[in-house]
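Structure in structure tokens, see below.
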Amino acid sequence: QVRFTKEIFKDYQEYLNRVNLYRQRLWTCKITGKSNLTYEEALVSEQLATERVQQFPKELVASVLHMVQFSTLKLIDLVNGICKKLQERLSEGDQLYGKKEQSVCPCKILKVHEVADKVLYEVGWINKDKIIIDKSVVKAEDLIRKKLPFGRDVLKAFIRESTSQSFPWIVHKNLAKQYGISTKLPEELRQKVLTRGSNLRIKNKDTVEEEGCTKKRKKTNFEGSAGTKKVKEEEEAEPIKYPIDDLLVQPGADDPVFTDRPTPSRDFSVPMDCVGDLLMVWDFCSSYSRMLQLWPFSLEDFQNAICHKDNNLVLIVESHSAILRLLIKEEGEYFTAIEKKSRSGKITLVTWTNYICDFLEMADVPQLSTYVATIKRGHYGLLDTHVKLGIFQELVSQALVTDAFRVQLGTYIEQRQELSSTRREVALEEGRKRREGKELRKAASGSKVSNGGTLQVPENQYDNIQNGHISMERDEEAHLSARKNVSKNRKSKSLKDSFCGSEDKDGANEADAKKNKDYLEREIEKRFVRTNPLGKDKNYNRYWFFARDGRIFVESPDSKLWGYYSSTEELDALLGSLNPKGVREKALHRQLKKSYDSISSGLQKRTKFIAHKIAMDEAVVRRSTRVRAPQRDSPALAFLSYDNKWKNR
């Protein structure tokens with residue numbers, strides 16, 4: 001149930017979508033006009049404004065509504081005009097102060113006399129008991145007007161609450177009838193209304209009516225349970241400026257045909273609420289495998305290993321040991337803890353659980369500490385998947401704050417910046433050459449002499465023109481080669497210097513330029529810093545792509561539901577289902593298009609790998625019927641044969 005609207009939902013996802021919409025600052029209070037509010041803030045604002053409007057002096061309601069009806073002024077100008085008129089205009093019964101015999105005394109207006117162009121007031125002078133003790137006639141300038149009994153904000157709120165539209169201002173029909181206000185459209189306004197395309201309907205050429213429930217503001221297709229109208233508002237006369245919040249986008253006549261969004265696969269071996277932790281741990285181990293001295297393994301192998309009940313599975317042992325060794329090298333709290341227990345520091349298949357128990361005792365995480373006894377008894381494999389991933393998650397958290405990790409991260413960031421700078425310079429250089437080639441071809445083809453000859457390009461200026469590229473003089477040539485790797489030990493040297501400078505009198509061809517670009521992209525990807533989501537869809541689902549796995553993962557807003565896409569057909573269908581009128585889906589569409597080549601390549605590689613794996617599985621089954629092949633020959637059980645090859649280096 002939504003607390004402040006009392007709406008009740010049977011579907012949790014629908015509830016989350018609605019709450020997320022309410023929390024966004026895109027709501028406007030219909031009484032005060034305040035914008036950039038959350039739904040609840042707009043609700044409170046309207047309640048407070050309603051209370052203030054109810055305090056508006058009842059004796060002034062009729063006169064103010066008469067001044068509002070059919071006015072074409074902006075709200076601020078209308079409010080200023082009304083305030084000025086009310087202060088200038090005095091009526092019978094008003095109590096104020098007046099000048100009498102060079103003194104200021106309280107008085108009450110008894111009668112208003114209009115003589116020619118002048119207005120005179122008959123006033124009764126009153127004492128402290130409000131009793132009239134004398135009478136006289138005074139001029140308007142002899143009376144001292146009191147401050148209005150309401151503020152301008154209250155008047156604004158009163159006008160908004162009392163009207164149904166703002167060009168011209170139209171008082172609600174029931175109020176107009178109650179206070180005897182005409183609903184006949186003045187002759188001078190009729191043409192203006194027709195020209196502006198107002199949402200008024202002229203009845204019998206002189207009566208104005210509201211067009212159904214159409215008002216100045218257009219609201220979304222739902223209201224709160226209490227009928228509140230705090231909505232994202234737009235003037236009907238102005239077109240919507242896209243993109244807007246995705247949940248406010250309505251189908252339009254000019255919309256393209258969107259494809260149906262494919263349903264993600266959800267066949268995970270681990271519990272659904274563990275998928276996020278599984279991805280995080282695997283991504284860390286794979287991305288920083290060199291630093292950890294841990295040979296990379298696939299996500300599928302890691303998932304199968306986590307679910308396996310073996311106590312000393314090599315993949316699991318090596319993954320734990322790699323992170324524990326990093327913590328030992330740090331010589332921090334964990335190093336001190338194992339020294340007190342006189343551990344040798346060498347982690348093996350026999351001793352690794354002792355080091356895990358030491359870590360859990362040091363970390364003192366209540367949810368994990370209770371399983372220390374189970375691990376010591378040699379039953380790690382029987383732990384629940386949540387617990388296994390919880391231990392890994394705590395290990396990764398400790399590894400992320402080590403000096404070794406910070407140094408590695410700093411090095412990667414620096415190298416990525418240098419590579420990105422080189423990439424920009426290469427792109428600028430290629431762009432310059434393309435422009436010069438275009439200009440030269442234009443000059444060569446367009447410069448005809450009168451005798452039909454062609455103006456020749458001097459040989460001493462350009463070597464040649466080929467394939468749209470220009471090969472400049474040697475002192476101007478800066479062709480970059482992608483055949484030399486970046487030296488990781490020469491930190492003081494710019495990464496751009498790792499590319500060989502060479503001359504190519506035949507001109508740099510497109511293939512070489514693409515190789516350079518691809519090489520730089522690969523080098524940047526190698527220097528991994530962190531994985532960022534591709535973006536979100538209209539319902540706040542996050543999309544992730546892991547190049548090492550070759551799948552697009554979909555995460556629900558509460559991270560409790562996961563799925564994935566594993567084919568280019570699903571990628572294309574996803575792209576075709578995104579509506580660029582929404583801010584989130586436009587950003588997601590842009591990122592998917594930008595990374596389309598790398599994502600589709602990863603998806604295709606995975607598809608080929610799966611096909612090869614299926615073929616291998618079938619071959620193993622056929623062979624096993626003849627010679628009883630070992631179980632571990634099956635690719636599905638490859639995790640059982642994992643070998644950390646870094647150990648042999």
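Backbone N, Cα and C atoms are what each Cβ position is placed from, and that goes for glycine too.
Remember, predicted model here, so these are calculated numbers, not experimental data.
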Would you please say which range out of 475-514, 555-594 has the annotation region 'Disordered' in TrEMBL?
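Spelled out, TrEMBL records region 'Disordered' over residues 475-514, not the other listed ranges.
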Select from 228-266, 423-461 the stretch of residues annotated by TrEMBL as region 'Disordered'.
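Based on what TrEMBL states, region 'Disordered' spans 423-461.
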Over the span of the domain 'WAC' (1-102), how high is the average pLDDT in this prediction?
84
